[in-house]
Amino acid sequence: MVGRSCGVATQRQGGGQRPTKLALTLSLSPGHSTALPWLPPRSLQLLSGHSMPAQPTPHLPSACGGPTRVTLVEERAWRSHGSNAGGHTCLPRTAGAGSLTPGGERGGNNAGHTVVVDGKEYDFHLLPSGIINTKAVSFIGNGVVIHLPGLFEEAEKNEKKGLKDWEKRLIISDRAHLVFDFHQAVDGLQEVQRQAQEGKNIGTTKKGIGPTYSSKAARTGLRICDLLSDFDEFSSRFKNLAHQHQSMFPTLEIDIEGQLKRLKGFAERIRPMVRDGVYFMYEALHSPPKKILVEGANAALLDIDFGTYPFVTSSNCTVGGVCTGLGIPPQNIGDVYGVVKAYTTRVGIGAFPTEQINEIGDLLQTRGHEWGVTTGRKRRCGWLDLMILRYAHMVNGFTALALTKLDILDILGEVKVGVSYKLNGKRIPYFPANQEMLQKVEVEYETLPGWKADTTGARRWEDLPPQAQNYIRFVENHVGVAVKWVGVGKSRESMIQLF
């Protein structure tokens, strides 16, 4: 079973069936891409599930004990934590019958994953990455906001690349909110207003995500279940919502009847895919054993509460969002895997303490192919920031890390790592909430020797140069979380599993 943002795995123990537990992998920065063998075989195989040789257990213990549960994969900073040189996601071939991929607990098509399978590249925004797996069922959760025209356009583009029969493998929660065309138009108008009034904007993707969540919070939004129920009632509420937006934005033009006609057509196309999402997930967790992977978009520092506000997304993309975005109880969450690049990137504007606006930043951007999947925007690049990583760990409670794109640093003679912040000359132990304060922090760096060697051929820990090993151990020691995977290239084989 496949879905966006967390996974669940059911096991039989002692002859009796126990509730499925989830394993979560969280990503820490913005601009998304991943290639991990996320989860241990006994729970679930996450997005990159590569086949890896066994490695000695590292010296750092796991942050949490207890039984295996849902494994979470989370990006650390601002999205874009590719685990390979190309910044792509490599999916496993492990899911068999009885696999689920819940693709989406929060967000919408404002973030993307480039997925590489058998040499083919697919681009996903709303569709769960696991939709490629013909033996898995994919699920879009209630926390996702869905632009139906965008969903079918995305599907059609990927059909041309080889995606087949996706409609037969996709389930959509009836509680998911709808993004309308006028939400997207308003998103652009708001950015223009911000630029005119404040001289700067947030840098949204103009996909209508913020305005849709605003409608949801104002209790005027419309959901999938509304679209599939009484269409006359849906039409009346749609018109009221459209008129509300027109009253706030007098220049906004909305073809109400035209949009309703299109939505009625989409309703019939998605009807076979829609289920009661809460009951669907409950059944998945308590039915016979299966592997469940939850995939999320965005990252810890884009979280509406814990991110670099206001330069964030409009939903919770940290651990808590998995429970509310899919209807999964907290007791079904176990391991939490953080995904972090060997350096830091950010798309759009906002504070970025370790950013390198120089030849180092250019080198990282070029070698790492740092371009946003959704917008095509150039990613800003800088040294790894351990203050951000520790902060993300405070919020999410990582049990292990996946350190990706190590090979991008191969040609550097020395590598710097941000280890602490100073504000007004005094070292601070926390990550500032206020953006003006964050802009003023002075980063204290540790400089480590580079390895000046090609790591892309490494397949075991022993294959990595000693300096690269020291870099990884340095990260572990400063964060207090073990690195479980190291990415040194674009292929499945390029993920080194350490334990």
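Any Cβ shown, glycine's included, is placed from N, Cα and C.
Bear in mind that the values here come from a model prediction, so they are computed numbers and not experimental data.
Residues annotated as active site, proton donor in TrEMBL: His113. If you look up TrEMBL, you'll see Lys216 marked as active site. Marked as IMP binding site by TrEMBL: Asn110, Ala111, Gly112, His113, Thr205, Arg219, Asn298, Thr313, Arg377. Annotation source TrEMBL lists Mg(2+) binding site at Gly112. What TrEMBL records for Gly112, His113, Thr114, Arg379, Lys405, Leu406, Asp407, Gly487, Val488, Gly489 is GTP binding site. The substrate binding site annotation in TrEMBL covers Val373, Thr374, Thr375, Gly376, Arg377, Lys378, Arg379.
Here the features listed in TrEMBL are placed on the structure.
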| residue | record | contacts (Cβ under 8 Å, 6+ apart) |
| --- | --- | --- |
| Lys216 | active site | Val145, His177 |
| Gly376 | substrate binding site | none |
| Arg377 | IMP binding site | Val347, Gly348, Trp371 |
| Lys378 | substrate binding site | Gln365, Glu370, Trp371, Gly372 |
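Within 10 Å of its Cβ, the residue among the binding-site residues Arg379, Lys405 with the fewest other Cβ atoms is Arg379.
When the C-alpha distances from Thr205 (IMP binding site) to the binding-site residues Thr114, Lys405, Val488 are tabulated, the minimum falls on Thr114. Every protein chain considered, the tally of other Cβ atoms within 10 Å of the Cβ of Val488 (GTP binding site) stands at 29. Cβ neighbour count for Thr114 (GTP binding site): 21 (other Cβ atoms within 10 Å of its Cβ, all protein chains included).
Just so you know, the Cβ of Thr205 (IMP binding site) picks up 22 other Cβ atoms within 10 Å once every protein chain is counted. You'll find the Cα of Lys405 (GTP binding site) roughly 15 Å from the Cα of Arg379 (substrate binding site). Put simply, of the binding-site residues Thr114, Asp407, Val488, the one whose Cα is nearest the Cα of Arg379 (substrate binding site) is Thr114. Summarising the environment of Asp407 (GTP binding site), the number of other Cβ atoms within 10 Å of its Cβ, over all protein chains shown, is 24.
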